[in-house]
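Below is one structure; the comments refer to it alone.
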């Protein structure tokens, strides 16, 4: 079940502190502008494009959020604290300690009286908690005495111009405010917009390919090895890769199983696995051809700034083929900052003119029509601008193209039922736009192309906690609503609970056709026979009027109310974020009114209380 949603990001703040030579009572003194933009492991890094804007105006600091406040200086020129929550309105793991500190009740209301701040959130309005952390952070900073330079800005991926539709005017106003308070010093000029900033790294090509590295000596370890992570993923052997939808079904959905023996990986129902995909060999070859690169040439990577680290996943030395296939996300739809930098690097007048149009505020509709609407990839854009692509200095590759991010999938199996195994349900993303070649999801298409029957297949992966946690109190019933691939985490939950002797499992499952996309039909029916599961199905296309899971919820209203109100059941929802979550919530409130005799406001309050007590949990994706 893919969960590669557009995460929500927040950037905020400018801090005035005595130790950086700022007189709190004197406006216009030179200060620091601090940028911090932590992110969860599967986040797509969109913030740095805006974050690097201060590089043209001065020097400050940037980094990750720490447990006691914004990060210490790490040498990034320019710098304001920023945070990135997940799609459910929760802060990421590497921000939670700072979040808890910020919301301590013991903090005095004057804690930030010497701080001016501004908050911009990057989110997706298809989520119920759109930019939730940005709004909450803005309110909390005000409560602690901070002074808002600007109203909170809520960037939205659903806007026809993307987040830039809101962020462009906000950034313009921000720089007017900041430069009014802290003018650029006379000895430091502003870099003009058309001049590229120095690249973050330099690539030093080797004359000869390096020989094989000698194996590292195995030192005695007092502590057990840490579990796999993004920096040290586990290369899991793919055991099976089976299509589970009918041959005539419009979508290819795969049940994929991995062997996790001796990996140190442990998980429970509700956890997610992160998989690191790679580009196809055909795309790698075309990219190298367009840019005039030798895929077999090796290089070493050197950061220009002393406190900037090289990407941990890139070996040193590294081949161009490895860089392009496993690091550069050439299959993504490029953002506006890509065209801005490309225009700076272009030697061709005609191509540069078009690139400048796409990177300008006035050219965003043209960019939307050219790039975003048809979902044109970075590689396809480079093919459309061949003179510019051939002139790109290799040093700028990592500035121009972001790294491939891992994709998160809900784990669809339990270790109690399948020891040393991990299963995922993957819907292969493929659709058409006006472009000749179909659009394909990078990770799902890559996984679908792997055939363990043709030889050993290894996939880099690791596990982290997900957004669903199932009750630990014995005999607590659970109600699960999982249409389509949203049923994946509930299969893990049912397997885990049945192995523990828990039989109060009510599952609502919906799909189009019983004989085409009824995932795990035989398994569900066997559990029903054993009295371990109550299954309610909705096959939307098998009758004239479409029937969805929310309709079945209303039909089962007496049972749902009995379980929730009298037996203390927990309610879980997983699936597409577009319409289904709102429809299910509306159906629940209808059940509360009809079966519980509640008024409209009382039904809404009842649902809100379930959410606050974590008896209603949802994990959805766009």
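Easy rule for this one: first residue shown is 1, then count along the chain.
Glycine residues also receive a Cβ, built from the backbone N, Cα and C atoms like all the rest.
Whatever TrEMBL says is automated annotation, not expert-curated.
Residues annotated as compositional bias 'Polar residues' in TrEMBL: 1-11.
Residues or ranges marked as region 'Disordered' in TrEMBL: 1-72 (among others).
Positions annotated as FMN binding site by TrEMBL: 122, 123, 124, 125, 126, 127, 128, 129, 130, 131, 157. Packing around residue 128 (FMN binding site) is summarised by its Cβ count: 16 other Cβ atoms lie within 10 angstroms of its Cβ, all protein chains included.
What TrEMBL records for 212-232 (among others) is region 'Disordered'.
If you look up TrEMBL, you'll see 231-472 marked as domain 'FAD-binding FR-type'.
Under the heading FAD binding site, TrEMBL lists 375, 407, 408, 409, 410, 441, 442, 443, 444, 621.
According to TrEMBL, the NADP(+) binding site annotation covers 485, 540, 541, 546, 547, 548, 549, 550, 583. For residue 541 (NADP(+) binding site), other Cβ atoms within 10 Å of its Cβ number 13.
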On the Cα atoms of 485, 540, 541, 546, 547, 548, 549, 550, 583, which are listed as binding NADP(+), what is the maximum pairwise distance in Å? 19
The rounded CA-CA distance in Å from residue 541 (NADP(+) binding site) to residue 126 (FMN binding site) is 25
Residue among binding-site residues 124, 157, 583 with least C-beta crowding, 10 angstrom cut-off: 583
Select the most exposed residue of 126, 410, 444, 485, where exposure means the fewest other Cβ atoms within 10 Å, treating these as the binding-site residues. 126
Using a 10 Å cut-off, grab the number of neighbouring Cβ atoms around the Cβ of residue 408 (FAD binding site), all chains included. 25
Site extent for FAD, whole Å (max Cα pair distance, 375, 407, 408, 409, 410, 441, 442, 443, 444, 621): 26
Please give the maximum pairwise Cα distance, in Å and rounded to a whole number, for the FMN-binding set 122, 123, 124, 125, 126, 127, 128, 129, 130, 131, 157. 14
